[in-house]
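Before any comments, here is the structure.
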Amino acid sequence: MLLTFPDSPFQLNQPFPPAGDQPAAIEQLVEGLSDGLSYQTLLGVTGSGKTYTMANVIARTGRPAIIMAHNKTLAAQLYSEMREFFPHNAVEYFVSYYDYYQPEAYVPSRDLFIEKDSSINEHIEQMRLSATKSILERPDCIIVATVSAIYGIGDPSDYHQMILHLKEGETTPQRDIISRLTTMQYSRNDLDFGRGTFRVRGDVIDIYPAESSDTALRVSLFDDEVETLTLFDPLTGTTKQRVGRYTVFPSSHYVTPRDTVLRACEQIKDELRHRIEWYQKEGKLVEAQRIEQRTRFDLEMLYEMGFCKGIENYSRHFSGRGPGDPPPTLIDYLPKNALMFIDESHVTVPQVGAMYKGDAARKANLVEYGFRLPSAADNRPLKFHEFEQLMPQTIFVSATPAVYEKDHAGQVVEQVVRPTGLVDPEIEIRPVATQVDDLLSEIRERMARGERVLVTTLTKRMAEQLADYYTEHGVKVRYLHSDIDTVERVEIIRDLRLGMFDVLIGINLLREGLDIPEVSLVAILDADKEGFLRSERSLIQTIGRAARNLRGKALLYADRITDSMRKAMDETERRRAKQMAFNAEHGIVPKGVEKKIKDIIDGVYSVEAERKKLVDEAAVAMMDEKTLSKEIKRLEKEMMEAARNLEFERAARIRDELKQLKEKAWLSDL
């Protein structure tokens, strides 16, 4: 059911009306915003529907919003949920576009210079460009971002200057359009038409906007007049619709007008001269020669091409900022009436504060030893006090607010009662001596009921040994650790939900915001070892992972009750009592959370398809040698036929099946 609110551009898809503590929380937060409170805190327990409350606040106030999360996995989960709540509004995703990133660095002790090396994810880059386009074009915009939002991107005023407006009936020579596209960092490619390129055929210019994944623009000219503007599918060429006007946005956040580049080059030359003089005065001749050689090469590239490798290190000169001024970031693109939500704020806020310090330490060596000019230090993330100055009206969202949120809370809004009636997990304390075998018997009980288990240990070594031990005893177990990349982490969590394994072991990766309703047992090993992994906040967060299940239970293995354990148990008990009183008063029978299993960024996973895949794998495992050989020959023939008929996708699918069968055949030959 789609709901609209007065003076709000948002259409909220409301699968159910707010319940439990949600109506009061929504009302208090909206009231706090209209009263002009700069900061508020939503203290919401796991499973109380904090994301739904955020969506309601955005829809009712009608203001654009940015939601910040502390990692890509949680940001992707929030993005997916917000897209469901706002199917007709601009919900965008802004995270770091690097799949791999090795920053430039110098290690003086080994005289080792490490070149910058990175691999950019095209899909995420397109989503980032789409995010800035939506902010500039639409009032109904919601951006889900990570701390990537505090890193410098192009100056909004330069970005605005570079936008190309096209309108039917307008006089614009073809040469001017091509020239503008080139300065916007679009490249001409008449053969391979992809994102960020354009092609020219007679009087027709086809432009593939950098922020679009499936729509291109065809500009048909009659002499110097724009005759028609048409949107079409770049793959099939099918016309989608004719438009009267269209705005083409730059191909990168870092585009710069030509006169700005020339002005910046003069400033860089000036800084270089001063720096060489300083090195010579200090007797550092190697550094003087190094900085001159590197900077002159970059200047040559800037004059000829308009950009160079590592152009971000000269960003201060391009944006015209003074030394030490904050860089332009995504937050500068936000309209003045924007809202900010900081999800899992007890982790996200400290993370924002830590970003600048790490970056500054690395840059200091590069500047000192002549690899970069001093202005490179101003290509940096925001300092915490700069971030605070830019923050619009902000709502901190957390089950366990930290000191910063408590000090800055205009009001604290509690959302402790769950609409589903689910009660916080029951907590049991058991001795450490028998923890491994005791947990094994509990796991078997859960496996028999088709439920899942999360186990948190203190060290990687303990997690690995535990995973090996349980595997030997016939338990399907996986181990989650910091070396696993974002995409694989999402897949592991999805596989746990699908039942491809029953137990997930981790260290501190099980804490914030993992939404796994199938988990009925959380086990915390060595719970009495005080430290940040066993602090009151960590324990409450970890216990909360079982709060989405009807039979949720938390086992704390400890020989004594620490202060942190006592506080976590008291807080959980307080929440249990409040929920049970609410259930009794309203006659609510608790029911488990049912949640579709989604591909966090691209939509919804088909459980049936996954199960079919598992069945197919099992069928392969059952084949004898003769059947296997026959099946391989049949598939090879089918694959060649598909390739001859130009059915390449089908051929690729068969090839993957063949690979699986050949692996099985090879293993059986051993």
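Glycine residues also receive a Cβ, built from the backbone N, Cα and C atoms like all the rest.
The feature domain 'Helicase ATP-binding' is assigned by Swiss-Prot to 31-418, with sequence analysis given as support. Model confidence over the domain 'Helicase ATP-binding' (31-418) stands at 90, taken as the mean pLDDT rounded to a whole number.
What Swiss-Prot records for G44, V45, T46, G47, S48, G49, K50, T51 is ATP binding site, and it gives sequence analysis as the kind of evidence. The secondary structure of T51 (ATP binding site), as reduced to three states from DSSP, is helical. The Cβ of T51 (ATP binding site) lies under 8 Å from the Cβ of L78, E81, M82, F85, each on the same chain and at least six residues away in sequence.
Feature annotation from Swiss-Prot assigns motif 'Beta-hairpin' to 97-120. Under DSSP, the residues of the motif 'Beta-hairpin' (97-120) split into helix, strand and coil as follows: 3 helix, 15 strand, 6 coil.
Marked as domain 'Helicase C-terminal' by Swiss-Prot on the basis of sequence analysis: 435-601.
Residues or ranges marked as domain 'UVR' by Swiss-Prot on the basis of sequence analysis: 629-664.
For the domain 'UVR' (629-664), DSSP puts the residue distribution at 33 helix, 0 strand, 3 coil. Take the binding-site residues T46, S48: by the count of other Cβ atoms within 10 Å of each Cβ, the lowest one is T46. The ATP site is defined by G44, V45, T46, G47, S48, G49, K50, T51, and by the 8 Å test on Cβ atoms against their centroid, the other residues of the chain that qualify are T53, A399, Q415, R418. Around the Cβ of G49 (ATP binding site), the number of neighbouring Cβ atoms within 10 Å comes to 23.
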